[in-house]
Structure formats: structure tokens, C-alpha cells
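Asker: Sending over a structure as C-alpha cells; questions will come in a sec.
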Amino acid sequence: MGNCIFRPKLKKVDGVFNPYASNKMIMNPPNVYIPPRGASGQGIPLPSQCSHPLPTPTSPQKNNPVGKNRNGTLQNLPTESQILASPGLKSFLYSELVEATAAFSADNLLGEGGFGCVYKGWLDIDTLAPVRPGSGMAVAVKKLRPQGYQGHKEWLSEVNYLGRLHHPNLVKLIGFCLKGENRLLVYEYMPQGSLENHLFKNDRRPLSWETRMKIAVGAARGLTFLHNSEPQIIYRDFKASNILLDSDFNVKLSDFGLAKRGPTGDQTHVSTIVMGTEGYAAPEYIRTGRLTAKCDIYSFGVVLFELITGRVAVDYRRAKEEQNLVSWVKPHLRNKRALVRIMDNSLEGQYPRRGAFVAATLASYCVNPEHKFRPPMSEVLGYLEQLQSPKFLTLPPSPPPDAMRSSTNWSPINRMPRGPSRPAHLKSQHHSRLSRYIESR
Ligand SMILES: Nc1ncnc2c1ncn2[C@@H]1O[C@H](COP(=O)(O)OP(=O)(O)OP(=O)(O)O)[C@@H](O)[C@H]1O
Ligand SMILES: [Mg+2]
């Protein structure tokens, strides 16, 4: 279950949380809050005094197919009935999902998030009728907790986006159930669960470097698809728990409850109530509520750092200076030798030095505090694809067994040929330099 990790205590001031200065106030925030991560991770417990109204069970666009966004620009938004009539989505009876999951039995519980619990169930592959557990096709059934923080609006947004968008790196929504106060979603089952479980749970075999890069590429493809869609879609909730993995560690992004149309025409951003997850949300978005695709890039950089370090975006069990992953890694990005201090210990030194250095440098570009300096997603994907080439995947020789056992100081980085003390591409934060660095290898 997701709640095996930890549930941090977060400081909130005037309904605003600032992960970079959790004791400081943010000036004049516009109705800002970040919703909870639920039981499973590093999210923000929504305080009862939060000023944001919970979404009501009625879609604001129900009788208004042409809606206005907050900037007053007209945009065509589908009605609730249009969304629910999406071809290819099955409308399930509640009783069918009760049967498919053995009455939502605890044995079938896959995890729990802010929305509610997720159960494993079984359906007939052709008719989608419930079948005996263990037979037919496995599915994941997400059941909205009636008192959950994420409500009908997010549920409908998920049906809307996943009902229309199809891509190998987005999870497939099979159907939904809307009956009385019951709201459920039925997805394809992802046998390896979420990236969060693999990175931060001790009961899993550590992911190899190559698998980590495969996951980064898959996630980048999913985000690139969303950002290049017409109209653009901003995911807004990119984090390790929303990156699901199939049996071959192929990525499928899940949870489109917070997804939002990107700016259109002359707009530079979309103004929203700030929603997202602590540690992953971009600082300028938390400050201003101005959403752009660059907010997703920031979150992507955070996840890339999680893949590199094996550390979670925010961890209040650590010493103060190590609690925020982005702040902690920054001083260690000067060169390959410094990088060794932040690499995930569970890799046991089995990572390519150059590949890791380029990945960390790329991640640092993604989390640039100035959103205009963050590279676009397609560029990030291009770099990551290059990191899958053999020259960036070659591992150092395994440590001698004696050294592993007896010396705490053995570091494979010592065996590397020394490079320049400060690689040229790091002298500037401009990412074209990263490109030159990759090409020169
Ligand atoms: N399609 C799926 N196949 C397999 N497991 C899944 C699937 N969807 C979700 N899960 C499991 O259920 C857990 C909870 O997912 P859920 O999206 O509800 O919460 P979360 O991502 O942890 O938090 P949040 O509510 O903030 O998104 C996931 O971490 C994953 O382990
Ligand atoms: Mg999720």
C-alpha cells in the first residue's frame, strides 16, 4: 500500500505552502493551495481551514458547452454528458465492479492516494463483464473516497482526458462508474505498479541505471505528447507515484485529474488555483498561480533527480539541509567527482559516469528557477534518448569484492580518467552547451 512510505508534517502559512522556505510567508498569494498526496507519500495534508472550495458534483460546463477560462477567453469545453459518452469507454454498473474486485477486498488493494483506494479486479477480455479473480484480464479499479479531497471535477477531468487521448505512454482508461455518490475509474492493470514504489520502498530490487533511463525516456515521451497536443495539455501532477510501469518497465502516465489546457493565442500562461504536489510543483507557479508547460518541465527535473539519487522530492525525516531534494543536489552538480555524493547508493556504483553526469545536468536545467531557461520537453526527450546509446550506458568495472566489503571509501569514480575541473557546458546554464557536451563524447 502507498502509505508505507511516510506522511510528512508540512508547515502552511495563510493557506500557502512554500517548499523552498517552509517557514516563510509567500506574499499575497492568490487563493493558493496544494492538495494532499494522500496516504502514500510526500503530499500535503489539506488542512481543514483551507479556503479552496471542494469541487462540487456538478460540472460547471454542464449546460454550457462553450465555457470561458479565467482569462475570459472563449474555449470549447465538452459537457459532462459528452465526456461520459466517449466512444471506447465502458460505463460500468457498480455491482459489476463489486464483483470484479471481490467486493473491494483488502487482498486486492493495490494502493491508496488522495482520490481513494485502487483495487485489482478481473474482467472478461471481450465483453468486459466481471469474471472470477485470477481469470480474464486484470484491471485496476480506482474508487473515489466520498470524503476525498479530489472530487467529481478531477474524476471528470480524468475521464475527459484519458477518454480522448491515446498514446503508448499514457495509461489506458477502460471505463468508469457513476452511480449516486459512487465514482470509480477502471484502468488497464500495470503489473509493476508505480515508480514511487520501486524507488522508495525497501522491499523491491533496486532499479538498474538502464531501467531508470528507460523510465525517464518513457515519461518524457508521454509529457512531450501532451505538450505537443493541439491544444496543448499541461499535466500538472507529474511525480513518481503517477508514473506507472508495465512488466517490461515501460511507462504509462496516470492521473489526469489536474490536467489543464495550455495557453492559447496570445496567452503566455493559464491562471489557475495552484494545485500539485509539494516538492514537484514549480516555484513560480506556487507563487503566482500562472501555469505553463514549463511547470511540468520543473516536475520532470525533480523526478529525474529522484531517479538519480533514489531520494524522494521532500523528506522531512532528513536533516534540514537535505529535506528538499532540489536544494540538496545543487551544490553537487559541479563535476562528476562531486556527483558521486548524491548518486543512489542502491546502484552500488553501477552507473555510467558520463551518462549520470549528463542526466543530472539536464535535471538541473529542468529545475531552473527561471522558467524561461528550462528546456522544452521535446529537447529534454532528445537528450535522454541520446543517453540510451551504449557510450552513455557503459558501466564502470565492478568493485573488487574485498573493497566492497572492507572499505567504506571505495568509489568507482576514482577509476575514471580525469576530465577538466569544470566542464565547459556547466559554465553557463544555457542548455545548448549540454548538447555540445554530449556530441563531444
Ligand atoms: N493502473 C494501475 N495498475 C496498477 N497499480 C496501480 C494503477 N493505478 C494505481 N495503482 C497503484 O495505486 C497506487 C495509488 O494510486 P493513486 O493514483 O490513487 O495515488 P497516488 O498517485 O499515490 O497519489 P495521488 O492521489 O496524489 O495521485 C499507485 O501508487 C499504484 O501503486
Ligand atoms: Mg496517482
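Placement of Cβ uses the backbone N, Cα and C atoms for every residue, glycine included.
Remember, TrEMBL labels are computer predictions, not curated facts.
Sequence annotations record features per position, and here TrEMBL assigns region 'Disordered' to 44-74, 395-441. What TrEMBL lists as compositional bias 'Polar residues' is 59-74. Look at TrEMBL and you will find 104-392 tagged as domain 'Protein kinase'. If you look up TrEMBL, you'll see LYS143 marked as ATP binding site. Residues annotated as compositional bias 'Basic residues' in TrEMBL: 424-434.
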Asker: For the residue listed as 'ATP binding site', which residues in the same chain are close in space, meaning a Cβ under 8 Å from its Cβ, but six or more apart along the sequence?
Answerer: LEU97, PHE104, GLY116, CYS117, VAL118, TYR119, ASN182, ARG183, LEU184
Asker: Averaging the per-residue pLDDT over the domain 'Protein kinase' (104-392), what integer do you get?
Answerer: 93
Asker: Hey, does DSSP put the residue listed as 'ATP binding site' in a helix, a strand, or just coil?
Answerer: strand
